[in-house]
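**Student:** Input: one structure, supplied below.
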Number of protein chains: 4
Amino acid sequence: MANSKYEYVRLFEQPDTLLPNTWIVVRIDGRGFTKLCNTYGFAKPNDKRALDLMNAAAKAVMADLPDIVLAYGVSDEYSFVFHKTCQLFERRASKLVSTVVSTFTAFYLHLWPTVFSGGLVDDVPLVAPLLPTFDGRAVCYPSVQNLRDYLSWRQVDCHINNLYNTTFWALVQKGGMDSVEATELLKGTFAADKNEILFSRFQINYNNEPEMYKKGSVVFRDYELVDPANTNAAQTAAAADNQAEPPTLSKSKAETDKKRRAKARITVEHMDIIKDEFWDRRPWLLTGQPGTLPKQL
Amino acid sequence: MANSKYEYVRLFEQPDTLLPNTWIVVRIDGRGFTKLCNTYGFAKPNDKRALDLMNAAAKAVMADLPDIVLAYGVSDEYSFVFHKTCQLFERRASKLVSTVVSTFTAFYLHLWPTVFSGGLVDDVPLVAPLLPTFDGRAVCYPSVQNLRDYLSWRQVDCHINNLYNTTFWALVQKGGMDSVEATELLKGTFAADKNEILFSRFQINYNNEPEMYKKGSVVFRDYELVDPANTNAAQTAAAADNQAEPPTLSKSKAETDKKRRAKARITVEHMDIIKDEFWDRRPWLLTGQPGTLPKQL
Amino acid sequence: MANSKYEYVRLFEQPDTLLPNTWIVVRIDGRGFTKLCNTYGFAKPNDKRALDLMNAAAKAVMADLPDIVLAYGVSDEYSFVFHKTCQLFERRASKLVSTVVSTFTAFYLHLWPTVFSGGLVDDVPLVAPLLPTFDGRAVCYPSVQNLRDYLSWRQVDCHINNLYNTTFWALVQKGGMDSVEATELLKGTFAADKNEILFSRFQINYNNEPEMYKKGSVVFRDYELVDPANTNAAQTAAAADNQAEPPTLSKSKAETDKKRRAKARITVEHMDIIKDEFWDRRPWLLTGQPGTLPKQL
Amino acid sequence: MANSKYEYVRLFEQPDTLLPNTWIVVRIDGRGFTKLCNTYGFAKPNDKRALDLMNAAAKAVMADLPDIVLAYGVSDEYSFVFHKTCQLFERRASKLVSTVVSTFTAFYLHLWPTVFSGGLVDDVPLVAPLLPTFDGRAVCYPSVQNLRDYLSWRQVDCHINNLYNTTFWALVQKGGMDSVEATELLKGTFAADKNEILFSRFQINYNNEPEMYKKGSVVFRDYELVDPANTNAAQTAAAADNQAEPPTLSKSKAETDKKRRAKARITVEHMDIIKDEFWDRRPWLLTGQPGTLPKQL
């Protein structure tokens, strides 16, 4: 039986390839996580297990998709950065977004018991229909500066929200306020005010809060750090921006790159990614070329 | 700390709203399911448990997203049809696709043990990193005829593939051929030839094969069937095509509709969706108006 | 010399094909026509020569592009309707828009002297750099109802603006008001109020104003009118909406159609296109099938 | 009368804003110029008057749209480059394309008599319906290198085509061949072969052909050239790529820039734009900052 009579419907599929030579960021966000957090009893303002789970799922996504050079996560969101030379799925937006979202979801569910069932007491099994799910979208950034500004935007947001939430929940959990009172008190306050409230009322030095809460989590392949005296992000960025087209590697070079990339450990860190130093010491993030594997591996 | 310095990066987010007044189909497909089927020992050519799992996940997606009026699944793919008046997520393609894909993935993983662990012997736990994941895309169809032709295309495809696979695997599993020999034998054969091979060599009457394998699975909300003497799909289609804009319901009507929709049982059937009868008897699929709830509920 | 080194830049061209089976409207608008009208001394509130020129240019566009089934113009804007089965330029938006805009511009300039140079006294030659130019865009409408509502929107707009402008300029030109006073007087008035002002102050019965000013201009190929008893727009619309794909005509039929279309006179009328009658009597507008040529041709 | 009943149709207008921080090239092409050239008797292989007309129209477009930093034309095509920080029409593709196409068309028609009517003998008036029209499209290039590669692609194309056409028409016009014979002779030949044919058969030294034919035409605002010892294109490109967002100028700076830009002469040159020198000496093309006005102005 021929299928030709109906096959014309394929003409309705419209292409959604993303502009070449631009950095692709796929950002995913938890759907209805306020309710999910309440149902499964996540700690406020930060639940270490929930963040560990986000990070573990992000690592699994990066291992599955080697075109991702870096990921940055905070709260229930994660941004995955594909190198601007990436040709995965012919750069089709829906393929890239749906693959990242599905892989992340799958690992989040699969790894849930390892994180949320540390002991008999803590066991928190998932119960349908309230399962964790995520939505996502892809955005293109033409220059290294745009990409770094995007990531800086997310990390500044992390800081602003975490300082607010830390203070808010201290007022509620330790200060005996209800949420209306706490909201009212914090209205119009600056960072210095919140630091002061934390310190004077609760003896909390915000600087001593865990780095994961203050900085979020950055995930990348770990090679030997480069001496910042020998490189700088501006040069690397310019070089990356000057890459006009996907490099056509020799087959053997491509093979070597692939192996080195597979051998590299994927690491999760909680550090400043706004300043140059992070990028200066890890030129492979922007060049897309694998770095030197550390000796111990 | 203000975030304004970096916030300009939001300008890079480009809108992806789908054309209003068109039927939206989100189709998802299993990623690398050939390998997955081998690893987890799915039966060939059809694994009843795996198909039941697809159907159960599809039902959960429909329950989660009432804007979906119908879903059709075959093998490792599923198509979800949003009514053309749907305003969910402002019709943003990436939101719709990623939400469907993530929800489907979550339920597929969550329900896996209920389907694949019937007894001690059968127990097939998922082992990372080879987890089931899906990708997806959204396509718009302007008219009812286009939409029905799309669904007919998928169901004809189901039939063609299933007849081929049934014959191929009979030749391999019962006829002692290897896959090269079976492929060679089937090259250029018509449906009648394959029916004949099945019957004469293996005493298999293809017509008696399970409906789920031959027809795929169609999922929808179940209301009282309508007497086909009193309606016909052509009229309903014309009426649906004439709906120029999202109906602005009175609040109470919208509330009633919502309740009736929530009460309706979501059913999985294996039947012909190409001919008019299926649509004639279920006018609610195209009108988007909930039908009459069956008495027994 | 090979050009291959640079040819990769073609990859940056992104497709912009419009969704199949939808009506395409290309609307063009005069750029900076307020200034143009002042410079070339267009009459207020309507300049018959300028409107005649718009209509003549629109007719030339339709003669050049037979895929256009209808055009509707008011003031310095014109909407061109391509039939939903249209395959011109593979339905690429930029090709369709730029071709319509360029052809319209070319004829507008070319025909300018024929309209604006009636006699020695009236001679108004174009002087660079202030030349008439237009911009444009393409929009898709999935159903006949959407398309008709679009055209109704434009015609209602024509009426609203013309009634306002007629009253405003009567107050200024005959009533001795300045524009601030006239604006103030008209603030918050209804249609009935404006009719009353026109009649009581200036003895102008708005109903007797020229149809071109009140209704705008509709341009189409002229065939024999159909007895409305034998047809109705709802049926034609339903039939048109049911056309799922571009009809694959026999070659001879396509040839006959083409000839008939070329023979048909392109006419400019000023009539109601909101009510059914206009469409009932001219079924060829929606079916896209050429009608019967009038005897006298 | 309210228009609200129909106004919902505005929802069908879909946004088409181009990605920020990318170079926008609007390329226009003559429609059916083969026929036009024959009808109006353009000289082969190059008609100086026709190319002068293209250049004059391009200059007028640049004067009308100061956001254009450079234009490059060859044969019946012209590419207009908008600076990557350009915000004109909110970067809407259809607005940009249609405005360029319409303005170009208007000036092409308006200036036709000045170019094609040098004397009584030469007078070639335009006769409808065969008027010159153009179509166009917009393409985004993320980096300076991509942009320069695009322009190099067009200039290499100019060279390849002109060498071919010059040889082809020499064989036909002076060598007495018909077009089939000439085509056959040139099949598979390299540049050196064509140079040899021109020289040995027709005593034509291709190097002595007019620069406009060999190099095409580049149009830009003319400021004082910069000493290449003090700048280089690579640095300028890197600086341009590093501009992450539209600079927010002080009002007085913006005003000064605007005036300087308006004072700058728009020049048409026929020179190499592939090598660095062109860009090294004119840094204002990539920075978007107006240069120093030459003394004599």
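Glycine residues also receive a Cβ, built from the backbone N, Cα and C atoms like all the rest.
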**Student:** Looking at Mg(2+) 1 binding as recorded in TrEMBL, which candidate out of C:ASP67, C:ASP76, C:ASP123, C:ASP149 goes with C:ASP29, C:GLY30?
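**Tutor:** Site partner of C:ASP29, C:GLY30 for Mg(2+) 1, according to TrEMBL: C:ASP76.
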**Student:** Per DSSP, how many helix, strand and coil residues does the domain 'Thg1 C-terminal' (C:145-275) have?
**Tutor:** 83 helix, 11 strand, 37 coil
**Student:** In the domain 'tRNAHis guanylyltransferase catalytic' (C:6-142), how many residues does DSSP assign to helix, to strand and to coil?
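**Tutor:** The counts are 59 helix, 31 strand, 47 coil.
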**Student:** An 8 Å radius from the center of the C:ASP29, C:GLY30, C:ASP76 Cβ atoms defines the neighbourhood of the Mg(2+) 1 site; name the other residues of that chain inside it, in order.
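**Tutor:** Counting only non-site residues, the set is C:ILE28, C:ARG31, C:PHE33, C:SER75, C:GLU77, C:PHE134.
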**Student:** Give me the count of other Cβ atoms within 10 A of the Cβ belonging to C:SER75 (GTP binding site).
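**Tutor:** Result for C:SER75 (GTP binding site): 20 other Cβ atoms within 10 Å.
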**Student:** Radius 10 Å, atoms counted are CB only; among the binding-site residues C:ASP29, C:ASP76, which position scores highest?
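**Tutor:** Going through C:ASP29, C:ASP76 one by one, the largest Cβ count within 10 Å is at C:ASP76.
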**Student:** What's the CA to CA span in angstrom from C:SER75 (GTP binding site) over to C:GLY30 (Mg(2+) 1 binding site)?
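**Tutor:** That separation, Cα to Cα, works out to 9 Å.
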**Student:** With Cβ-Cβ distance below 8 Å and at least 6 positions apart along the chain, what are the contacts of C:GLY30 (Mg(2+) 1 binding site)? List them in sequence order.
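**Tutor:** Set apart from C:GLY30 (Mg(2+) 1 binding site) by at least 6 residues yet with Cβ under 8 Å, we have C:LEU36, C:SER75, C:ASP76, C:GLU77, C:PRO132, C:THR133, C:PHE134.
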